[in-house]
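Asker: Below you'll find the structure I mean.
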């Protein structure tokens with residue numbers, strides 16, 4: 001019993017534990033409701049498809065969902081609890097289900113089940129705007145916050161998200177002007193000075209991201225557009241135009257200049273260069289009105305400036321030449337800014353500067369059928385209106401006071417410098433009118449001539465006419481000789497006309513004038529009109545027919561059956577002068593044409609051919625007999641001067657300027673071609689000179705230079721006989737002995753550059769090898785003309801030893817001059833051995849002795 005009694009305490013403790021620990025619970029479980037789990041945790045946006053929890057309900061009880069539960073979040077089906085919504089942290093971070101167990105209507109047990117919702121990044125940031133515009137002044141200082149953070153900040157519903165901002169430019173180069181203060185602070189600041197005229201507005205795209213890195217998942221971004229409008233500020237002073245811009249804020253102001261006449265008060269505003277006084281507000285967007293004034297330089301208040309438009313006018317005349325330097329001020333109307341510049345006005349004497357037209361002869365055209373009021377077109381450029389202007393050279397202000405009128409025709413009227421028709425143009429014709437220019441200030445008058453062609457269509461432009469000397473005088477003009485064409489044949493007779501002023505010639509009725517490329521004037525200022533006729537016509541009376549002057553272009557197009565001649569031959573024996581260099585006479589032969597460039601002259605006279613550079617191709621048509629020099633019964637024919645282009649049209653004249661397209665070359669084209677050819681010719685000449693100098697230099701050196709003097713064998717007195725100079729002296733008293741007088745060939749070639757020729761008979765013999773100091777005499781067998789030597793006793797000055805040797809030729813008279821030449825002394829022994837017959841009894845022993853002394857002697861040949 002003792003042993004069993006000892007076993008009870010250990011067994012009693014587990015028994016009590018079971019009885020007191022489990023039995024109450026088991027009894028309670030059998031009496032109240034319960035759930036297997038009452039607290040749940042899940043991420044938002046998680047969907048639970050099965051039951052959330054299992055509920056234990058006693059047999060005599062039932063469970064319901066209490067009213068304090070989260071609405072529409074749970075439901076109870078049987079003994080199971082379901083979550084019927086997708087949890088959202090931003091809407092409800094904690095869901096609660098209140099479960100009630102009842103027995104009948106009596107509440108027995110109540111307990112709660114909680115669902116904790118965890119936040120995740122499931123929401124994108126949001127800006128309070130989509131597009132927003134802001135105005136920024138142009139003069140805003142750098143580093144200024146132009147848009148605060150509160151106006152650009154985005155929001156994110158996620159609790160722990162930190163937004164990152166990025167500014168992207170939409171307008172190119174806009175990012176260099178603005179930037180964000182920081183990646184987490186969207187405040188916008190100015191980084192560079194604004195320029196309204198370069199960037200009047202800029203657009204940016206603002207991004208907000210809820211993750212620091214872009215590639216993180218999940219990541220959300222919001223976008224908004226920011227537009228910045230730059231408002232102009234008053235930063236620039238007024239600018240005088242035209243001005244050279246250095247940047248967008250400053251410019252080099254224009255300075256004005258003009259010339260006015262003395263003694264006259266000009267009624268209209270002065271014409272200045274480079275333009276009128278005009279200033280604008282440098283801030284064009286603000287564009288404040290400008291007020292003008294003269295600050296200084298207006299001596300005696302001579303000038304007045306309009307404060308609104310800047311026009312400068314004269315208040316009084318200026319008696320004598322002087323210069324005004326006006327300082328002109330341009331100020332904004334709000335008086336905020338101003339600028340100054342100079343206007344230099346020179347007063348000069350107008351004497352010596354007459355009113356004159358730019359051309360003494362104008363060519364115009366009007367389409368047939370034109371109504372009244374039609375402007376006359378320029379014949380050279382039919383698409384442009386013909387403008388007739390007279391002016392004073394160097395006085396632009398006087399030109400504004402010039403009025404124009406037509407003096408000899410009621411069919412045209414001047415509208416300023418434009419010529420208008422007053423009646424319809426119904427017939428084809430050529431009309432010549434006189435236009436008069438009158439200066440209302442100086443009362444000067446100038447006239448010019450306008451030749452107007454009325455045709456069915458505007459004639460094609462051939463070559464631009466070269467304007468003649470600016471003409472137009474007020475005095476009466478002299479008679480003008482005009483070469484008019486004849487419709488039958490090629491003879492050309494002069495027609496003499498006259499008109500008042502320098503009006504120029506008027507052609508007879510029915511004459512068709514060619515559209516010449518130039519209208520040269522004859523001496524005196526009257527223009528000579530070029531007419532499409534033959535330039536060289538036959539003159540049976542023997543008179544010379546003068547052809548057009550240089551620069552006249554006369555196309556030469558023979559028609560069928562016509563005989564065209566550009567250079568008539570003279571059967572009476574006179575020579576025909578052909579064109580000079582530079583004359584162009586193009587004539588292209590066609591089938592059936594008989595062309596002769598140089599026909600024979602019946603009387604046997606020589607016909608001068610064209611000089612170098614003359615081009616004389618001929619253009620006859622089928623059946624035409626063409627010769628460049630046809631026969632002329634008598635007299636001489638003067639041909640064109642250099643530079644004259646004379647293709648000629650013969651036969652019936654049906655139109656004007658009927659040249660082929662290939663002949664439409666302007667004066668500028670010819671000048672360019674001439675310049676190129678001249679440059680090529682110059683290069684060819686330079687190359688030729690270099691070649692000649694390289695290959696023939698030694699010949700020019702030996703032929704053009706003086707003969708080299710042989711070195712003397714002894715002492716030479718340079719006082720008596722200077723080098724390189726010929727000394728002339730009379731012959732000695734002794735006459736040469738008679739003898740044969742054949743021509744003595746020169747023993748040595750004379751220098752071609754020698755200024756003093758030596759007689760052939762007195763040429764010295766070639767020097768022989770030196771033996772002694774005696775000169776060599778000419779042998780009798782060597783030359784038919786005997787030459788002998790006489791040694792004179794005449795001594796040289798002290799200190800200069802030696803004698804003078806005089807050589808006499810027998811064929812030289814006493815009246816001949818003596819040429820003194822420096823020659824080296826010949827060998828004495830050779831001279832004595834030669835037995836020259838030039839020596840005679842006058843040679844005394846002293847002279848022979850002096851020869852043997854080896855002294856240097858002067859050889860004088862007579």
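Note that Cβ sites are derived from N, Cα and C of the backbone, with glycine treated the same way.
Relevant sequence annotations retrieved from Swiss-Prot are reproduced here:
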type	residues	note
DOMAIN	40-127	domain 'Cadherin 1'
DOMAIN	128-240	domain 'Cadherin 2'
DOMAIN	252-357	domain 'Cadherin 3'
DOMAIN	358-462	domain 'Cadherin 4'
REPEAT	545-575	repeat '1'
REGION	545-648	region '4 X 31 AA approximate tandem repeats'
REPEAT	607-636	repeat '3'
TRANSMEM	672-692	transmembrane segment
COMPBIAS	791-801	compositional bias 'Basic and acidic residues'
Asker: Let me spell it out: take the transmembrane segment (672-692), skip the flanking residues so only those 6+ beyond its ends count, and list any with a Cβ under 8 Å from a Cβ in it.
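Answerer: None.
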Asker: Please list, for the domain 'Cadherin 4' (358-462), how many residues fall into helix, strand and coil according to DSSP.
Answerer: 4 helix, 49 strand, 52 coil
Asker: Work out, from DSSP, the number of helix, strand and coil residues along the domain 'Cadherin 2' (128-240).
Answerer: 7 helix, 45 strand, 61 coil
Asker: For the domain 'Cadherin 3' (252-357), what are the DSSP-based totals of helix, strand and coil residues?
Answerer: 3 helix, 47 strand, 56 coil
Asker: Per DSSP, how many helix, strand and coil residues does the domain 'Cadherin 1' (40-127) have?
Answerer: 0 helix, 46 strand, 42 coil
Asker: Mean pLDDT for the domain 'Cadherin 1' (40-127), as a whole number?
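Answerer: Per the prediction, mean pLDDT sits at 87 for the domain 'Cadherin 1' (40-127).
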